[in-house]
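**Student:** Positions annotated as transmembrane segment by TrEMBL: 69-88, 100-119, 126-145, 171-191, 212-235, 241-263, 364-384, 396-419, 439-460, 472-494, 557-578.
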Amino acid sequence: MDRSIHVDNLHDKSYAQPSFDGTMDMNKNVKKVTKTLVTNGCVDYKGNIADKRTTGGWKASPFIIVNEVAERLAFFAVAVSMVAYLVFEMHQSLPDAATHVNDWIGAAYVLTLLGAFLADAYFGRFLTIIIFSCIYFVGMILLTLSASIDSLRPPQCIARPCIPATKGQTAFLYGALYLIALGTGGIKPCVSTFGADQFDESDKKESQKKYAFFNWFFFAINMGALLGITLLVYVQQEKGWTWGFVVPTAAMFVSIVILVAGFTNYRYQKPMGSAFTRFVQVIVVSIRNHFRGVVVASESELYEMKTKESDIFGARKLPHTKQYRFLDKAAVVTDPEIIINNKWKLCTVTQVEEFKSFIRILPIWASTIALSISFAQLSTFFLTQANIMDRKITPHFTIPAGSVPVFTAVNGLLLVPVYEKFIVPHLRSKTGHERGITSLQRIGVGLFVSIFALMSAALVERMRRQSSNPTSLSIFWLFPQFFLVGTAEVFSYVGQLEFFYDEATDGTRSISSALFLSEIGIGSWLSSAIVKIVESATGGVEKGWLRNNLNKSKLDYFYWILTGINAVNFLVYLVIAWRYKGRNGERGTIRDESMVFELDGRFKKKNDTDEFRGMAS
């Protein structure tokens, strides 16, 4: 009966119209919902496609930023104190202590490659951060025990030579430090990338907010550093080493709690499998096909999935590019009758392009490592200088030596908001570029400023050493070198965050971020190597340029060596950046930065090539 009524009234407008209107309303609702869903593959905590109205953006970012403040507070509190702890508590020589701290910091940042691998292949970014934060927390507890239990340190030095730490005492301390390094390595490549995941690139408004997030993320790093090198160093000086490590341990615990508190607000990228394995597959297949005589005659011969999504779980397809054509041989179908799902015999275009994108960024990465050598001095020789200079502000207050890097942190805190709110809009009006200048240019500015930072350090140290009373020289003479290093870091660090995130593919975001961070670790190791080379080439700890007694050393000569390294590195970077071809295949351009803007009533297109040539000239 119901069916006959439906048929009889099929052409009755009074019956059909409400049904039609309802369908239209439903379609509108579907379209409305679709527009609010992200397009980058992120899901919410329930596993559904993330909705922009309830997840991500600035609803989620504050938790990540505050977490970064707490974690960086803990790290810098340890980093700026460790040289002094090794010298005065563990009775190591100054060059050895500086070398060990550089090695530790180097390990912390190189281990980011491990954290990124685990995040992309198995755990996802959020879970990786939580797991390694717990490892970090255990390391902080052990470090606190090392400072609080007398049997874990050598007896107090009364007369020289001091009794050195035993192997067991040293092993316990290094075990704690390297657990912290492991924790840092797991956290660092995931936090900034996890924060960027909260913004959908295909949404113009959210895409712009993503770049603002990178600036505020760097602001958070400096806020954590500021608190770590002022408040916590003061606690350590006034209350002793135990309290100096208890407070950052508590801060690390708070950082975990804060991150977990935002659980329902986040957008999550599911693990996409091991990028390193996919890279090796491309290399193996392309080499095998090369020796078989395979030649790529046309792009149409290359294999790609016919589905909408790529065969890399959760990753979008990538268009073919002409660069590194040798690797295209991995995607050539050698037997058109048989296509098997075996990546060790045939790769897709997307898999090949993913590897190409990774290769492209390697020259930029290599040409910015020298900058990290400069940053390594902040926690070693810069602090050693500060320790023997006049740090009195008033008759009753003396700046702790470990707090002197506050000059760098304050610079970052002030410059980031000024740059974001005033400089970027001004540059945008001049260049037409959405970020004012490109990320490659921003990195270049940082590299250029670092030359003058080391030059300033050399001149000030020469003046201090030649002074009739070196220890009477005011600590504020060190302000220029700290300020300039901070300025270099503001430009280069944020520029690298933008560059390595933008040039990464969906499946290599954490790996790309880790690659950038690893250069900080490699820079620390290179700093240690240079110290050892200079020390052995100039007469050792007793007669060389770098001695236990800084007043008898020639630290300014060491700074001049670093100045020369940075100057040569800057010239190399200019050439590499000018020749860089981004994912769109154009020289000097990178994705999301070759954009169209409406200026003076007409549209202009800007790219990195023209702008970087302008800077280079």
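A Cβ is built for glycine as well, from the same backbone N, Cα and C atoms used for every other residue.
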**Student:** Does the transmembrane segment (212-235) reach the transmembrane segment (69-88) with at least 3 CB pairs under 8 A, where each pair is 6 or more residues apart?
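**Tutor:** Contact confirmed: at least 3 Cβ pairs fall under 8 Å.
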**Student:** Mark yes when the transmembrane segment (364-384) and the transmembrane segment (100-119) have three or more Cβ pairs under 8 Å (sequence separation 6 or more) and no when they do not.
**Tutor:** yes
**Student:** Quick one: do the transmembrane segment (171-191) and the transmembrane segment (126-145) reach 3+ CB pairs under 8 Å, ignoring pairs fewer than 6 apart in sequence?
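**Tutor:** Contact between the transmembrane segment (171-191) and the transmembrane segment (126-145): present.
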**Student:** Taking 69-88, 364-384, 396-419, 472-494, 557-578 as candidates, which has the most Cβ pairs under 8 Å with the transmembrane segment (241-263)?
**Tutor:** 69-88
**Student:** For the transmembrane segment (126-145), find every same-chain residue at least 6 residues outside the stretch whose CB is under 8 Å from a CB in it, and list them.
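**Tutor:** The answer is 71, 74, 78, 115, 118-119, 152, 172-173, 175-187, 190-191, 194, 242, 245-246, 248-249, 252-253, 255-256, 259-260, 266, 268.
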**Student:** Based on Cβ pairs under 8 Å, which of the stretches 364-384, 396-419, 472-494, 557-578 lies most in contact with the transmembrane segment (439-460)?
**Tutor:** 472-494
**Student:** Any chance you could find the range in 69-88, 364-384, 472-494, 557-578 with the most Cβ pairs under 8 Å to the transmembrane segment (396-419)?
**Tutor:** 472-494
**Student:** Give residue numbers and ranges for long-range contacts of the transmembrane segment (557-578): same chain, 6 or more residues beyond its ends, CB-CB under 8 A.
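**Tutor:** Same-chain contacts beyond the flanks: 363-364, 367-371, 373-374, 377, 381, 440, 443-444, 447-448, 450-451, 454-455, 457-458, 461, 530-531, 534, 545-546, 587-588, 608-609, 612-613, 616.
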